[in-house]
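**Q** Below are the features I grabbed from TrEMBL:
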type: ACT_SITE; residues: Cys95; note: active site, for GATase activity
type: BINDING; residues: Asp191; note: L-glutamine binding site
type: BINDING; residues: Leu327, Ile386, Ser460, Gly461; note: ATP binding site
type: DOMAIN; residues: 95-280; note: domain 'Glutamine amidotransferase type-2'
type: REGION; residues: 643-662; note: region 'Disordered'
type: SITE; residues: Glu462; note: site 'Important for beta-aspartyl-AMP intermediate formation'
Amino acid sequence: MTQGKGKGPSLQVSLILRISNSLLKLASRASNPLPHLQLSSHLDALPSTNKHFPPTPPPPPFPQFSLYYKSLAFPPFASPLSPLQGPLAPTSIMCGIFACHKHPEVHKFKPQALQLAKAVRHRGPDWSGNIISNNTILTHERLSIVGIDSGAQPLVSDDGTIFLAVNGEIYNHRILRKQLKPEVTFRTHSDCEVILHLYPNHGINTPKLLDGMFSFVLYDAKNDRTIAARDPIGITSFYQGWSSKTPGAVYFASELKCLHPVCDKIVSFPPGHIYDSVTKKTTRYFEPTWWDPKMVPSTPVDYKLIRTTLEKSVRKRLMAEVPYGVLLSGGLDSSLIASIAARETAKAKAKAGVINGSAIPHELVGIDDEDDSTVTALPELHSFSIGLPGSPDTIAAKRVAKFLGTVHHEFNFTLQEGLDALRDVIYHLESYDVTTIRASTPMYLLSRKIKALGVKMVLSGEGSDEIFGGYLYFVNAPSKDEFHDETVRRVKHLHLSDCLRANKSTAAWGVEARVPFLDKQFLEVSLNVDPAEKLITKERIEKFILRKAFDTSNEPDTKPYLPDNILWRQKEQFSDGVGYGWIDALKDTAEKMVSDEQMKSPKPEWGDDVPDSKEGYWYRCMFDEQFPAQCAPTVMRWTPKWSKATDPSGRAISTHVARYDQ
């Protein structure tokens, strides 16, 4: 083992020190305070003397890396005796869940349940835990974003009767803590623990109070009741299943691969809904004013409100105790998020009087009543982009990064590297949709590079095109009413397309993507604007009102958010922007892989869901090789509206400056 250029212990040495310290703490702790519970960890590498607070192996330290022309220098790794550690250290978690309610032979089922949970360990490589109570089992694979030694799940109430497994982040947890009764005692600083304390008084209305991205399964042992819920838009992936072999049981998981070995019926759990085992019904709890697309809004655009609401949304999502970054394609959406994140990071550092590499003293991270956000580790903001050499996105991203002053990391991939990754991409996406696979492949490759640098959380720009009608086919909308209807439909289906891509492409490597455009408050503002303001015309480029909201040309005292040539850059779908040769290579390869005879004779089990291109046929075959037939109904194919083109690429639209026919 070597020392890291005079910057302290090497990665291996620091890792050994942290694990050793955790083991010493573990050995010194008291026995399980709730011995009547079957609460355990299922990692064999470390013992679990105290099964209520199993230790979590630390993330790797962050030595200096040299990458291309930039140096990545993260803050010094916390010492083994860091005061931020311990059972009350803050914890924020993006993870993997598997659960089963009312299994007839739950103890015999447990070994299989742990193997099924292991199928999503890529989502939570830091620790594993499980509980059995009555005939219900909850398992959890943890990715720690905030805190190291605490917050292992499932979480348990003080009286040992309520159990909770959560995947996600609750951004308003500090506000909710203040609203709870004074006698409520929190055992951890986990943002997710508030759910345990909200449930006794609010029941199935609990998710209405949460501001965040989440999917969770909660078991109430006293009433033998399980509730399961998913965030309003479906940013976190979540599925529900049933088996004819165990007709009284119901299963839940973060990904299909956990369910299909035991379930013969599987559905994508609907966003904004909650399941209650008492009624066996799934009902919608999310009731925004914009939900009915036939209720066309007439509110004039408020540019300042759009700006301030998006800024607040980004601020919320800087809740982390690990180095974070932004996915920067150089397009409008990711560039705006990067710009706001850079400003908010600088403001937080200035307010706390810290410099790069220093930590802000705190008790709880997250937004409070005054809209302030505390972030423990505040290095320089890092940005990440990927593309083929010389691609439109990487060129634009470099320009944005220079303007914002981020430490930028540009990665290139070859066409062959992308093609070689396709089968793995489909395995992690659990989809055969053409446009999702095209865009996910570079994102999947980029996420692996990001994780290798020690970064666990990134901000991303998904959702803007659905909200503002940014896809180029919106230029063909016949009326403002139909324009609005399509934006609402797209937002409601994000969990089957862009949210699925962002969540699973990053989670495949243990990275969490947060999406500020899909904040509940921002949706309420932006989807209630008169759609006439969003129409694409000769005078107005797509997403005009979003661009205008951040145009400071008439504000001489305000620093520009972006250069004009980025703020007013035409929309590029990610699969196009990484390099036009990428889609061309996919089409050319599919032409070789699928014959004309195969296209004429699709598989009978596909029914009406027959691919309309050789590329789609190729992806469907790779999907079928990895997933059984009961998984296919969870997939939605993304297709543009008001267009005769069957290809989902933006270059198939006549208004694209680099359209196919040029």
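Quick reminder: no glycine exception, Cβ is built from N, Cα and C everywhere.
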**Q** Do you know offhand how many angstrom separate Ile386 (ATP binding site) and the residue listed as 'L-glutamine binding site' by C-alpha?
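**A** The Cα atom of Ile386 (ATP binding site) is 32 Å away from the Cα atom of the residue listed as 'L-glutamine binding site'.
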**Q** List the Cα distance (Å, whole number) between Gly461 (ATP binding site) and Asp191 (L-glutamine binding site).
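**A** Distance (Cα to Cα, whole Å): 23 Å.
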**Q** Sorry to bug you, but what's the C-alpha spacing from Cys95 (active site, for GATase activity) to Ser460 (ATP binding site), rounded to the closest Å?
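**A** Here the two Cα atoms lie 18 Å apart.
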**Q** I need the nearest neighbour of Cys95 (active site, for GATase activity) among the recorded positions Asp191, Leu327, Glu462, using C-alpha distances.
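**A** Given the candidates Asp191, Leu327, Glu462, the nearest one is Asp191.
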**Q** How many Å separate the Cα atoms of Leu327 (ATP binding site) and Glu462 (site 'Important for beta-aspartyl-AMP intermediate formation')?
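**A** Cα of Leu327 (ATP binding site) to Cα of Glu462 (site 'Important for beta-aspartyl-AMP intermediate formation') measures 10 Å after rounding.
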**Q** Expressed to the nearest Å, what is the distance separating the residue listed as 'L-glutamine binding site' and Glu462 (site 'Important for beta-aspartyl-AMP intermediate formation') at their Cα atoms?
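**A** Here the two Cα atoms are 24 Å apart.
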**Q** If you pair up every Cα among Leu327, Ile386, Ser460, Gly461, the residues annotated as binding ATP, what's the maximum separation in angstrom, rounded to an integer?
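**A** Farthest Cα pair among residues binding ATP: 15 Å.
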**Q** Go through Cys95, Ser460, the listed recorded positions, and name the one with the sparsest Cβ surroundings, counting other Cβ atoms within 10 Å.
**A** Ser460
**Q** Which chain-mates of Glu462 (site 'Important for beta-aspartyl-AMP intermediate formation') that are at least 6 residues away have a CB under 8 A from its CB, listed by sequence?
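**A** Asp333, Leu494, Asp498, Cys499, Arg501, Ala502, Ala513, Val515, Phe517, Leu518 - these are the non-local Cβ neighbours of Glu462 (site 'Important for beta-aspartyl-AMP intermediate formation'), listed in sequence order.
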